[in-house]
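Copied over from TrEMBL, here are the features:
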DOMAIN    129-193  domain 'Chitin synthase N-terminal'
REGION    1-34  region 'Disordered'
TRANSMEM  548-569  transmembrane segment
TRANSMEM  596-616  transmembrane segment
TRANSMEM  622-647  transmembrane segment
TRANSMEM  668-689  transmembrane segment
TRANSMEM  701-721  transmembrane segment
TRANSMEM  806-828  transmembrane segment
TRANSMEM  848-870  transmembrane segment
Amino acid sequence: MAYRAQPHHDPYSPHTGHAAYPDYPPAQTAALTPDYPPVAPQQHYAPSNQGYYQDYDAHSNWETKSAKSYHSGYSNSQAHLVHDYPADAIPPLPPLPYQTAQLNYPPMQQMRPGVGWSDAREKLLKQRVVKQIELKEGNLVLDMPAPSFIVPKGMEDSEEMTKLRYTAATCDPDDFMRKKYSLRPYLYNRHTELFIVMTMYNEDEVLFTRTMNAVIKNIAHLCSRNRSKMWGPNGWQKVVVCVVSDGRSKINKRTLQVLSLMGCYQEGVAKDTVGGKDVTAHIFEFTSNVVVSEKGEVSKSACPVQIIFCLKEQNKKKLNSHRWFFNAFGPLVRPNVCVLLDVGTKPTGTSIYDLWKCFDKHSNVGGACGEICVDTGRYCWSILRSPLAASQNFEYKMSNILDKPLESVFGYISVLPGAFSAYRYKALLNGPDGKGPLASYFKGETMHGGNSSAGLFERNMYLAEDRILCFEIVTKKREGWILKYVKSAKAATDVPETVPEFISQRRRWLNGSLFATVHSTFHFWRIWTSGQNPIRMLLLQLEFIYNAVQLMFTWTSLANFYLAFYFLVSSATADNGSEGAFHWLSKGAGTQVFEAFLKLYIALIFVIVVCSLGNRPQGSKWIYAFCMVLFGLCNILTLWCAGYTVWLAVPHTIAGWEDFPKLIQNNAAFRDIVVSLAATYGLYFIGSFMHFEPWHMFTSFIQYMFLLPSYVNILMMYAMCNLHDVTWGTKGDNGSAKDLGGAKKVKNSDGQEMLEVEVPTARDDVDQLWNASRYALSVKPPEQKEHRDAATKQADHDRNSRTNVVLTWVGTNMVMILIFTSSAFTSWVSEHVSQGGDDSTFNPYLTFLFYCLAGLSAIRFVCSAIYLIMRVFGH
């Protein structure tokens, strides 16, 4: 049984019986198996020879921008990220049958003084009219005329391109279908092959248009594949784009204006309550034909795009947004493949097709991800000006070169990044008992609400809900799903460029990944019931063993890094007859250098522990940054000593290199250090050149090596010291602003129950507000810096003051210990102060300490005696 309605059939009609609309979730998973009817006859645009206000330039080099260009060397593999079309430029697109439709764009006009977006909005709200609307299956559904400027001429009879459909949802996402809500793809009986979700919080118009325009470009590429059995000119009807915004009060107003220009949102339509029930989500549906730049420039799209815009009333975090996507809209849309995107991530022109093709070619693929790249900016300026961004660029590239291919070969990728990944919808569905991948994925939403009885381990584990989802898919009983890495599917994203943002982001990543890895490692036996073939099961078993070894080294990374520093520096500075790594400073300077840096290393660990236990990174950013620099100096010292040790160990003549195997066998120091260096840094170079992507070795390797100790000592320490913090870093809303007005139930003259709502009816007001939105976006807003509220600022100040006092107190005492126990002080004492004879343990500070204690005790005794005498004589 399919969820879809047949043509000319009302799925919610009471005459169809209960079987026509099953409870959700259904009792049998077989009922969720896609049963697609034949695709309805497609609509074509009426031909027209007139152009658009701003037209695409359908250059002949469209195909040169396809995935084929991404398989060349590194210069091409990242060139599309650096020199790709900017958000305000129009990418070249292929000529398609429906490009001839005309949009009625007015020229950009200067708004009259005093007549801006706020004035146009206020005028629209004042001129709204109260109307009685018939309920649709007991729900509020409005069809509002779209701005006349974005309706293609010749398509006036197409409801999806002329009317904005608004649905006020008053239920939980899991009850969306049970409450008989519907969506246009469901009502139009369309087969949806790709269901793309873009989640956002308060991202601005620059980030939103960057992602949305990239998605439109990908859909245009699907429509340009005329020889494909699945795609072609009407391929847009098989793609639905869902934008989910987390909280009405949090969304960026300029982003709302972009959505208004696309026809996917209108002011004055949404309602707070419906029949006394609070609205949980405002759902707008429209098939848009325009592309909007961050500056409000509107141009025709190469193809229509079906868009569902879900504006959640409350801020309930990203996991809740995904629950609206999967549990509310998924059963109605019934897609084959779901693509997850974060607003701000920019997939390249064919990335979505490349991901889909992986599912199309391999029927056992349950999930796939592409290559997440750091947006390096024009001429790699972003990573050249920011060592922190450069180190993350190197980390991302090496993960995509070494880690993801390894996991893809085995069939289990430990994490498919939520910023850009795809899943087969069938693989996500729960079993008949209600347990399965989606149930486990959303378990963390209630677990972090404050009312959960789950332990700290489980709550930290579900911080990495994407890792839990990957594990649940691969181990799903008797289905045999695997996960794949698609190298050609690339997407660029921004990375934190400030220390506080970086530490906060990695805190959740590290805590979640650590506990999720422990969970998957200890439940490795579930692969035996996953339905995999024997060879795949053996490969997965080997991967879990490999992950267990990696987990052990992750747990001991703090000690391993310190011990490597200790042994490499101590061996290179030891007084064993050689000159030492620092003989160029002075004779015997190596011992003093080693001692100083050893104590510095321990002191830095102590500082990080104190800061991590009570301070937010935003409140102690300068301490963290200073520690990063000092840890970097320690790593420079370590690498210098390692290189010096190798130089001492290798022969300094050509004859000494003639018998290289014997050299390796007999020279243990040379063998151990060279093998370890070759297995890490040598592998980086070889792997990068093997994939024809070596440029990050020249632009980011040095920065990564400098910050490598901070990845271990600072990020791991902060994460472990904040295990109790199981939040995503944003505060949720417990209430909603009642400023939209409500829809109340009334009865008409016939006694039929209706909804009385206040809606805009003047088309001129809608058009004027649309034009005002264009102009508002064309004016660059003043840059606003984020400010902490007074309570947070005071708390940060108090914590920072406490930390400074603790560090000053402990630091003063530690400095005294270091000074009077140092070899330099003891050598000075033995040369200038020691009196010889049997007084071999003499120390002037000890003498000073003893005499001070004796003097203080004498003063206390004298004063006590004086007090006693005064009492005897009555004073």
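Even glycines carry a Cβ here, placed using N, Cα and C.
The largest share of C-beta pairs under 8 angstroms with the transmembrane segment (668-689) comes from 622-647, of the ranges 548-569, 622-647, 701-721, 848-870. Residues 591-592, 595, 599, 603, 606-607, 610, 843, 845 of the same chain, all 6+ positions outside the transmembrane segment (806-828), place their C-beta atoms under 8 angstroms from a C-beta of that stretch. Here the domain 'Chitin synthase N-terminal' (129-193) has, by DSSP, the following mix of helix, strand and coil residues: 14 helix, 22 strand, 29 coil. Segment contact is absent for the transmembrane segment (622-647) and the transmembrane segment (848-870), given fewer than three CB pairs below 8 angstroms at sequence separation of 6 or more. Same-chain residues lying 6+ beyond the ends of the transmembrane segment (548-569) with a Cβ under 8 Å from its Cβ atoms: 514, 517-518, 521, 594, 597-598, 601, 605, 634-635, 637-638, 641-642, 645, 709, 712-713, 716-717. Same-chain residues lying 6+ beyond the ends of the transmembrane segment (848-870) with a Cβ under 8 Å from its Cβ atoms: none. Counting same-chain residues at least six beyond the ends of the transmembrane segment (701-721), those with a Cβ under 8 angstroms from any Cβ of the stretch are 383, 387-388, 390-391, 394-395, 503, 506-507, 510-511, 514, 557-558, 561, 604-605, 608-609, 611-613, 617, 624, 627-628, 631-632, 634-636, 639, 684.
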